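Asker: Per TrEMBL, transmembrane segment is recorded for 29-51, 63-87, 107-128, 149-174, 194-226, 247-270, 290-311. Summarising the annotation, TrEMBL assigns domain 'G-protein coupled receptors family 1 profile' to 41-308.
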Amino acid sequence: MWPNGTSLGPCFRPTNITLEERRLIASPWFAASFCVVGLASNLLALSVLAGARQGSSQARSSFLTFLCGLVLTDFLGLLVTGAIVVSQHVVLFDWRAADPSCRLCQFMGVIMVFFGLCPLLLGAAMASERYLGITRPFSRPAGASQRRAWATVGLVWASALALGLLPLLGVGRYTVQYPGSWCFLTLGAQPGDVAFGLLFTLLGSFSVGLSFLLNTISVATLCHVYHGREATQQRPRDCEVEMMAQLMGIMVVASICWMPLLVFIAQTVLRSPPAMSPSGQLSRATEKQLLIYLRVATWNQILDPWVYILFRRAVIRRLHPRLSARPRSLSLRPQLTQRRPVP
């Protein structure tokens, strides 16, 4: 417990904010509008996904299952965390009055880690699925691709939840963060805080790096097939190019939104001398930087659905009508044909 001199829970640290500053910063309408835009974007993407799943091929059905899991995760993340943040804006960030036992703070810390890691892990899973589908088309069983995709999504959810529960088991701590509207991992110098911060950072960075590597190989393979000697007999299908375009967009958005926060966490917990004082206080500059990077990361949940909505073949063909006039291309999978003897 922090030396706060009260009987409050262990999630409260000394903060550098006055009541007047809280009144100036608090904006329930802005926070609610931000959440509504994100929720509406994800609902729109879910409705488009529901229509796209009908009549789709096996490979595309598996990819759409991952996309559905990603959009559903973003939607639930905005819904749950947004409700807590908006309520704290309403009470002027008085978390001590609303949650003196820190149970809500612990819950929010878990879901912040969970909904933060899930998009990155799902992006890596999607990149792996497309890598195998493009470079090893015969290495996977032909059936049950959709069930396998949902099983992978469930495994990602379970892994992210297991990591988020570690502070409740003594590895790291969740504390109220500036300005008092959210809870997250503690950027302290204690071994548990450092270990948990680095674990969160390394897992997120590894997911982004793996996605970049596999997507690069997949795109290079598509380009090789498209421009190779057998291009006239073995062209990538439109849906395969579309899936890679969407996956590259998701990877770029995740990298831009999350890498600044992940790098900042690693730099802060490894800083010498420690960024956090023994009493648990961070400098105002550090607290504001953490808040800014967190807000940038939150945009990932809003932009993900628009990557899918805007990078669809129907939208691209409207922007570039010449693409619709291209002859229908064949699959990446080699087709075995029998040549008839010439008489």
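Glycine is no exception: its Cβ is also placed from the backbone N, Cα and C atoms.
Automatic, uncurated: that is what TrEMBL annotation is.
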Asker: Using Cβ atoms only, state whether the transmembrane segment (194-226) and the transmembrane segment (290-311) have three or more pairs under 8 Å that are 6 or more apart in sequence.
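Answerer: With fewer than 3 qualifying Cβ pairs, these stretches do not touch.
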Asker: Tell me, roughly as an integer, the mean pLDDT over the domain 'G-protein coupled receptors family 1 profile' (41-308).
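Answerer: For the domain 'G-protein coupled receptors family 1 profile' (41-308), the model's average pLDDT rounds to 88.
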Asker: Apart from its near flanks, which chain residues at least 6 from the ends of the transmembrane segment (247-270) lie with a Cβ under 8 angstroms of it?
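Answerer: For the transmembrane segment (247-270), the nonlocal Cβ contacts are 70, 116, 119-120, 123, 126-127, 130, 185, 187-189, 193-194, 197-198, 200-201, 204-205, 208, 211-212, 215, 218-219, 286, 289-290, 293-294, 296-300, 303-304, 307-308, 311.
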